[in-house]
Amino acid sequence: MEKGLHFTICVLTTVLLLRESSQAGEEKDPEVLAAPKPESRGAGEGLPTLTVTTILEDPYVMVRGAELEGYCMELLAALAAMLRFQYRVKVVGDGQYGAVAAGGNWSGMIGEILRREADIAVAPLTVTSAREEVVSFTTPFLQTGIGILLRKDTTSQDMSFFHFLSPFSKETWTALLFAYLLTCFCLFLVARLSPCEWNEPKNEENHFTFLNSLWFGAGALALQGATPRPQALSVRVIAVVWWLFTLALLAAYIANFTALLSSGSEQLPIQTFEDLVKQRNLEFGTLEGSSTFYYFKNSKNPIHQMIYKYMEKRREHVLVKTYQEAVQRVMDSNYAFIGESISQDLAAARHCNLIRAPEVIGARGFGIATAQ
């Protein structure tokens with residue numbers, strides 16, 4: 001009897017030990033750890049689950065290990081906590097943002113939303129009128145524009161002999177020359193009409209010949225006095241106005257020239273999209289099927305049309321697939337990338353040999369796209 005009782009106790013003890021061992025093994029099992037506990041499942045129970053499509057672009061969406069992180073992922077997490085929904089993220093299959101194909105179908109993230117493969121798109125997706133016709137956009141969460149990304153050694157040049165003309169544009173210098181000639185002509189004409197400017201009326205000698213008027217006007221531009229000086233009140237009024245104008249002009253010139261010398265921008269020959277079109281040393285392009293490409297296609301500006309025709313004619317060679325490919329190509333070859341200015345500023349900050357041209361066009365914003 002005692003032996004049977006002892007045997008029964010040993011069996012029960014063994015069963016209990018095996019059960020505890022099994023439970024401990026389950027707690028250490030990764031699959032069990034990954035599975036939601038009853039409490040967490042109950043906390044998310046009843047919340048809608050949205051399928052989110054995105055695209056890999058640094059720093060908005062990046063792969064770190066087995067997870068996605070970046071600005072858009074943090075934005076999505078904040079929205080989920082605020083609006084109380086669950087989500088699962090998928091990277092867009094064709095790696096495109098969204099453009100109309102030849103058959104009228106949309107590619108990229110816009111196409112996935114239209115085909116109900118995704119509920120929303122959280123990515124650096126530009127809000128355009130064409131996309132707004134088929135999907136809905138939120139208020140833009142980031143403002144940007146279109147700029148030109150260059151490599152510094154492909155754009156730098158030695159300081160030319162005429163670098164002192166850099167502070168003003170060609171139009172400004174042309175207007176200044178016209179104003180100078182017109183003012184000198186007015187000085188000459190008024191001096192001819194005023195009796196006070198005639199030295200001896202009988203000999204018909206006048207101080208202000210046209211040549212003297214040109215010399216007087218040039219002396220004012222150089223802040224130097226010049227003879228003959230005006231005698232008549234009417235001529236003096238014109239001279240005072242011209243002197244005040246030259247003082248303001250020289251102040252603006254000195255300020256702009258000092259800023260150019262300190263920033264080194266005078267060594268950047270490509271400052272506008274017009275400069276980019278006129279040069280022949282650099283190839284230029286943008287992302288294939290991007291909103292930037294269609295911006296130039298739909299623009300009525302002659303310069304923008306020239307850029308579009310260049311990219312369309314050489315699309316197999318100058319259009320790139322991804323933003324990372326574009327940055328790498330700018331660094332490795334004579335190539336200028338046309339794209340979102342805010343992303344170009346980040347690339348220039350990360351790579352010391354890159355720079356963005358000053359001109360930015362086409363103000364636009366990044367928004368979250370949803371089905372209409």
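These residue numbers are counts, starting from 1, taken along the chain as shown.
Heads up, the Cβ atoms here are built off N, Cα and C, so glycines get one too.
As written in TrEMBL, here are the features:
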SIGNAL    1-24  signal peptide
REGION    27-46  region 'Disordered'
DOMAIN    59-115  domain 'Ionotropic glutamate receptor L-glutamate and glycine-binding'
TRANSMEM  173-195  transmembrane segment
TRANSMEM  233-255  transmembrane segment
SITE      LYS297  site 'Interaction with the cone snail toxin Con-ikot-ikot'
> Is the transmembrane segment (233-255) packed against any residues at least 6 beyond its ends, judged by a Cβ distance under 8 Å, and which are they?
Replying inline: 167-168, 176, 179, 183, 186-187, 190-191, 194, 196-197, 208, 216-217, 220-221, 223
>> Can you work out which residues elsewhere in the same chain, 6+ from the ends of the transmembrane segment (173-195), have a Cβ less than 8 Å from its Cβ atoms?
In response: 165, 201, 206-210, 212-214, 216-218, 221, 230, 232, 234-235, 238-239, 242, 245, 249
>> Treating G and I as helix alongside H, and B as strand alongside E, what does DSSP give for the domain 'Ionotropic glutamate receptor L-glutamate and glycine-binding' (59-115) in helix, strand and coil?
In response: 20 helix, 15 strand, 22 coil
> If one looks at the chain holding LYS297 (site 'Interaction with the cone snail toxin Con-ikot-ikot'), which residues at least 6 apart in sequence have a CB under 8 angstroms from its CB?
Replying inline: TYR308, GLU312
